[in-house]
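Visitor: Please see the structure below; I have some questions.
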Amino acid sequence: VIDHPKYQESKRIAIFLSMPDEVQTEEIINDIFKQGKECFIPRYKPQSNHMDMLKLSSAEDISSLALTSWNILQPSDDDSAREEALAGGGLDLIFMPGLGFDKKGNRLGRGKGYYDTYLERCMKHPRGKPYTIALAFREQICESVPVTENDVPIDEILYEDC
């Protein structure tokens, strides 16, 4: 990931805080700060499909985040001091989680449509849609993944031995 050309050229990067069953992102987050890039993480709004990408000030900033009912760390709802990526300069790159992927760029998420809805919002930003890379385990690559017209294909899937 760290040697990937799209990662190297990106300055504003959104990345998920990994759950135990996902590709672990801690080292990537540490490298984002080490290289002086800007790091944004998701804040999901319950009972909706709305998600914002909010800026972290440092890797250590993660320890100040609240744990949601889904066991995900994220900025609290009343945290209005953080920059939202689309309110500022947009994003260059989004690292995306998922449950399953196919080689056509289709992604099976957790069913709420947060990332698809966010990518639709990105397309309306002057900077346009950021490059999207899914981080996956080899076992998550499927022959095909069911999609709907609202699903936005991802640009690339990175997994071991891909």
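Note: Cβ is positioned from N, Cα and C throughout, glycine not excepted.
For reference, TrEMBL lists these features for the protein:
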type	residues	note
BINDING	L17, E22	substrate binding site
BINDING	R107, L108, G109, R110, G111, K112, G113, Y114, Y115	ATP binding site
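How about a rundown of where these features are and what they're close to?
Guide: Taking Cβ-Cβ distances under 8 Å and a sequence gap of 6 or more within the same chain, the neighbours of E22 (substrate binding site) are F16, P97, L135.
In sequence order, N49, N150 are the residues near G113 (ATP binding site), counting only same-chain partners six or more apart with C-beta under 8 A.
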Visitor: These are the binding-site residues: G109, G111. Which one scores highest on other Cβ atoms within 10 Å?
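Guide: Result for the most crowded candidate: G109.
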